[in-house]
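Q: So Swiss-Prot lists the following for this protein:
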BINDING   Gly17, Gly18, Gly19, His20, Ala21, Gly22  FAD binding site
BINDING   281-295  NAD(+) binding site
Amino acid sequence: MSFSAAPTESFDVIVVGGGHAGCEAAITAARLGLNTALFSLNLDRIAWQPCNPAVGGPAKSQLVHEVDALGGVIGRLADATAIQKRILNASRGPAVWALRAQTDKRLYSRQMLQLLQHTPNLALREAMVTGLETTVAGDQQRISGIRTYFGSVYGADAVILTAGTFLGGRIWVGHQSMAAGRAGEQAAEGLTETLQELGFQTDRLKTGTPARVDRRSIALDQLEEQPSDAADRFFSFDPAAWVSGEQMSCHITRTTAETHQLIRDNLHLTAIYGGVIDSKGPRYCPSIEDKIVRFADKDSHQIFLEPEGRDTPEIYVQGFSTGLPEPIQLQLLRSLPGLEQAVMLRPAYSVDYDYLPATQLKPSLETKRVRGLFSAGQLNGTTGYEEAAAQGLVAGVNAGRLIGGQEPVHFPREGSYIGTMIDDLVSKDLREPYRVLTSRSEYRLILRGDNADRRLTPLGHELGLIDDRRWQLFEDKLQAMEGEKQRLETVRLKVSDPVAPAVEQETGAAIKGSITLADLLRRPGMHAADLVRHGLADADLPLPVREGAEIDIKYSGYLQRQQQQIDQVKRQSQRKLPADLNYAGIGTLSNEAREKLTAIQPSTLGQASRIPGVSKADITALLMWLELQQRERQPLAPTAEAR
């Protein structure tokens with residue numbers, strides 16, 4: 001295709017879509033000095049949260065920390081608009097600790113719009129983008145602009161598609177449907193056909209969202225309350241972004257036998273179980289129908305009632321998405337304890353939409369077919385605001401580097417959850433919505449949320465996304481952390497000190513003469529907060545500094561071993577695999593990996609790692625198994641008696 005009309009305007013970068021991926025991409029490109037435009041179907045719904053009004057959770061919070069460490073904005077806005085915060089997996093190790101924040105969805109959107117409006121080099125335009133303009137240079141197509149529904153043409157050196165669920169979007173309530181990207185908003189027309197004309201493969205995916213209920217119609221006093229427990233925790237590493245607002249409670253109810261029977265009796269009325277659509281939905285966020293069918297042995301499922309904001313009565317019924325008809329939805333809601341008189345403000349619905357399988361992308365998120373065309377977010381087959389925001393930042397960075405004639409930034413999977421996600425997306429044939437999980441990373445002890453700044457802020461500063469003020473804060477934190485670690489390694493607690501008996505009682509271990517505070521921290525159950533409580537640490541030392549020093553000391557051996565493992569996997573990619581290797585007998589491999597490896601019989605570890613269905617965790621397990629076999633075959637050195 002080529003221009004048939006002169007461009008109305010021209011930009012360096014055009015971002016198509018104003019969701020979480022689009023906002024990060026546009027702000028990133030603009031901050032890199034590029035003349036950028038963000039096109040949205042509805043500028044009043046910028047960075048909307050159409051499903052769960054929350055940010056973070058397992059692995060997702062690590063992504064948010066990483067985006068912030070690079071200079072992105074999702075963490076800052078989540079901190080500014082949080083109405084409840086909790087630490088998940090607090091009883092487990094730091095590799096899986098996760099901050100989760102309920103956010104005020106309308107305030108979040110308003111603050112993002114204000115941020116976009118006040119970002120230099122960034123223009124906002126409301127329009128439906130229906131076409132892509134390209135030129136041909138040699139055998140390579142190159143993006144040259146976009147076309148809108150009403151015929152305007154805009155020139156650009158790079159275009160980033162972040163269309164979410166809007167391409168060919170169709171929402172379903174029972175067997176009734178309408179064209180829409182989400183409730184109340186029209187679907188985008190033409191862009192799917194344009195991508196197909198350019199040679200791209202597209203497919204369909206499905207997601208859904210539960211009903212919203214009027215808080216005033218719920219007997220909250222009859223339900224279990226879930227208050228905030230992490231008001232002093234934040235996603236951003238920048239203290240200037242920390243906001244401690246009024247916190248609100250969530251509440252918990254459960255499904256009943258009546259709920260389950262209603263669902264079983266009416267499964268045929270859903271679009272999926274009725275055979276009307278067959279798009280794949282998210283495995284890790286199933287509808288209530290899927291839960292009842294897949295977990296038929298369970299008598300009850302937990303349901304969370306989450307406020308959508310401080311100034312709205314709307315309650316999000318988390319864990320209760322459904323594709324059933326609206327009248328049955330109300331019956332289902334009223335079968336839940338505490339919701340017998342529930343008033344449903346908005347029905348649940350499913351949405352199926354076109355997406356672009358990400359194997360058609362480079363790790364930079366540039367498409368392989370069209371130079372200068374990038375894709376990010378739910379359009380790539382992911383699910384979640386956090387996954388979208390991370391991809392948006394990567395696409396924004398690499399669009400800028402392409403225009404500047406620089407090499408793209410590659411995020412290796414061992415360096416971040418961002419890298420893990422992108423590596424999975426571009427190398428695996430994923431046919432269901434992709435959600436980041438801690439289990440997807442074989443390096444999760446190193447890829448923690450608390451050290452995301454140490455892993456990525458130097459890169460953010462090098463790219464120009466971390467300003468001098470943030471860089472100075474980062475250096476000050478590192479200096480304070482090193483100072484605290486040195487203090488802990490040198491200061492000793494003597495058995496004669498007044499606090500020693502209390503410390504011995506808490507840890508269940510005697511102090512023999514004296515012990516360094518670092519060795520004290522290494523004892524199970526002893527934490528930096530306990531040192532503060534006993535007067536053995538400075539209470540004024542920032543929490544991130546105290547906890548960072550503690551984790552480095554307490555888990556130093558594990559961290560060193562995992563880093564060695566990372567280095568070993570890199571070295572071992574050319575390692576030969578025995579032709580007669582019995583993969584079925586390696587219990588640490590996933591079932592899918594055993595099947596694929598047995599069928600293909602790869603000759604090297606590197607070849608095995610590139611087989612779809614064989615995860616990086618499987619490769620690590622295979623490597624460890626090979627090392628164990630080698631040690632068992634290696635003869636022991638003769639003893640003195642044998643000699």
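Heads up, the Cβ atoms here are built off N, Cα and C, so glycines get one too.
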Q: Would you mind checking how many other C-beta atoms are within 10 angstroms of the C-beta on Ser287 (NAD(+) binding site)?
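A: Excluding its own Cβ, the number within 10 Å is 26.
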Q: Taking the Cα atoms as reference points, how far is Glu289 (NAD(+) binding site) from Gly19 (FAD binding site) in Å?
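A: It is 28 Å, counting Cα to Cα.
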Q: Rounded to the nearest angstrom, how far is the Cα of Cys285 (NAD(+) binding site) from the Cα of Ala21 (FAD binding site)?
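A: Distance between the two Cα atoms comes out at 20 Å.
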Q: Given a separation of at least six residues and a C-beta threshold under 8 Å, show me what packs close to Gly18 (FAD binding site) in the same chain.
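A: Gly18 (FAD binding site) has long-range Cβ partners Leu38, Phe39, Ser40, Leu41, Asn42, Leu43, Arg45, Ile46, Ala47.
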Q: Going by Cα-Cα distance, which of the binding-site residues (Arg283, Ser287, Lys291, Phe295) sits nearest to Gly22 (FAD binding site)?
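A: If we rank Arg283, Ser287, Lys291, Phe295 by Cα distance to Gly22 (FAD binding site), first place goes to Arg283.
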Q: Between Lys291 (NAD(+) binding site) and Gly19 (FAD binding site), how many Å separate their Cα atoms?
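A: Their Cα atoms are separated by 29 Å.
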Q: To test your reading of the FAD site: which residues beyond Gly17, Gly18, Gly19, His20, Ala21, Gly22, same chain only, put their Cβ within 8 Å of the Cβ centroid of those residues?
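A: Result: Val15, Cys23, Glu24, Ala25, Ser40, Ala47, Thr162, Gly164, Gly377, Ala388, Gly392.
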Q: Given the binding-site residues Ala21, Cys285, Val293, which one is most crowded in terms of C-beta atoms within 10 angstroms?
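A: By the 10 Å Cβ neighbour count, Ala21 comes out on top.
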Q: Fewest other C-beta atoms within 10 angstroms of its own C-beta: which of the binding-site residues His20, Arg283, Lys291 fits that?
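A: Fewest other Cβ atoms within 10 Å, among the binding-site residues His20, Arg283, Lys291, is found for Arg283.
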Q: Which residues does Gly19 (FAD binding site) neighbour through Cβ under 8 Å, counting only same-chain ones at least six apart?
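A: The list for Gly19 (FAD binding site) reads Ala47, Trp48, Thr162, Gly164, Gly377, Gln378, Tyr385, Ala388, given in order along the sequence.
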Q: Helix, strand or coil at Gly18 (FAD binding site), per DSSP?
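A: For Gly18 (FAD binding site) - judged by DSSP and reduced to three states - the answer is coil.
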Q: If you count CB neighbours within 10 Å, which one among the binding-site residues Gly17, Gly22, Gly281 has the smallest count?
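A: Counting other Cβ atoms within 10 Å of each of the binding-site residues Gly17, Gly22, Gly281, the minimum falls on Gly281.
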Q: Among the binding-site residues Glu289, Phe295, point out the residue whose Cβ has the most other Cβ atoms within 10 Å, with all shown protein chains included in the count.
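A: In terms of Cβ crowding, the pick is Glu289.
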